Amino acid sequence: MGDVTTARPVIGVLALQGGVAEHLAALERSGADARPVRRPEELAAVHGLVLPGGESTTMTRLLDVFDLYEPLRQRLVDGMPAYGSCAGMIMLSGAVADEDRPASGAPAVRPFGALDVVVRRNAFGRQVDSFETDLDFTGVDGGPVHAVFIRAPWVEKVGSDVRVLAAVPDDTAQDGAAGRIVAVQQGPVFATSFHPELVRGDERVHRYFVQIVRAH
Ligand SMILES: NC(=O)CC[C@H](N)C(=O)O
């Protein structure tokens with residue numbers, strides 16, 4: 001092993017759907033060697049993984065199709081650092097409050113349980129399903145982070161080992177959103193309801209993850 005404080009960690013982006021290219025670019029700018037992950041061998045070669053936004057039911061299905069569900073579950077059990085954005089947060093959670101369970105068979109979303117939280121998938125209302133706000137992010141210096149929410153989940157319950165990193169400010173114009181928890185961390189795993197990869201020129205959240213991977 002080289003000097004862990006200066007080495008460029010290899011960080012994968014789960015590349016089955018969603019905003020993969022934006023995460024890869026943000027990670028590269030944040031000091032990581034970033035690679036798309038679609039196969040078990042690719043997963044085995046990374047020090048940490050980003051689970052991007054998209055659609056958590058589709059992501060669950062594609063993880064099965066690409067034979068990645070079980071290997072990824074195992075790496076999370078083994079303590080691999082991970083960062084989930086939006087649908088990625090849902091996949092890392094312990095349970096989904098508003099699960100649309102089919103009449104028979106397996107649930108449509110099978111979260112990995114790497115974060116001891118309950119999320120609500122379609123949380124921020126249907127009429128206005130996207131909004132943006134600035135929020136304070138614990139562990140990220142340099143002022144508020146601009147947060148873009150797109151059909152985003154929020155965190156409804158947190159276990160005692162979970163640290164809340166960010167919540168929607170109380171003066172938000174978005175109905176019912178004030179005070180909602182939108183970023184959490186447990187050990188080397190963290191998640192945001194919003195999409196920092198869409199904010200050009202601000203890599204602070206990705207840098208935060210690169211630091212976690214380096215320290216691990
Ligand atoms: N932008 C997103 O990732 C949306 C997440 C979506 N609502 C889901 O259930 O997976």
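Placement of Cβ uses the backbone N, Cα and C atoms for every residue, glycine included.
Mapped onto three states, the DSSP output places GLY54 (L-glutamine binding site) in coil. Taking a C-beta cut-off of under 8 angstroms and a sequence separation of 6 or more, GLY54 (L-glutamine binding site) has the following same-chain neighbours: LEU16, GLN17, GLY18, GLY19, CYS86, ALA87, GLY88. What TrEMBL records for GLY54, GLU55, SER56, ARG121, ILE150, ARG151 is L-glutamine binding site.
Counting every protein chain shown, 28 other Cβ atoms lie within 10 Å of the Cβ of CYS86 (active site, nucleophile). What TrEMBL records for CYS86 is active site, nucleophile.
DSSP classifies HIS195 (active site, charge relay system) as coil under the three-state reduction. The Cβ of HIS195 (active site, charge relay system) has 24 other Cβ atoms within 10 Å, all protein chains considered. Taken from TrEMBL, the feature active site, charge relay system covers HIS195 (among others).
Marked as active site, charge relay system by TrEMBL: GLU197 (among others). Counting only residues at least six positions away in the same chain, the Cβ atoms of GLY19, GLU22, HIS23, ALA25, ALA26, PRO52, SER85, HIS206 sit under 8 Å from the Cβ of GLU197 (active site, charge relay system).
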- Message: Cβ within 8 Å of the L-glutamine site centroid (GLY54, GLU55, SER56, ARG121, ILE150, ARG151 excluded): which residues?
- Response: GLY53, CYS86, ALA87, ILE90, ALA152, PRO153
- Of ARG121, ARG151, the binding-site residues given in the record, which has the fewest other CB atoms within 10 A of its CB? ARG151
- Query: Whole-number Å distance between the CA of ARG151 (L-glutamine binding site) and the CA of HIS195 (active site, charge relay system)?
  - Reply: 11
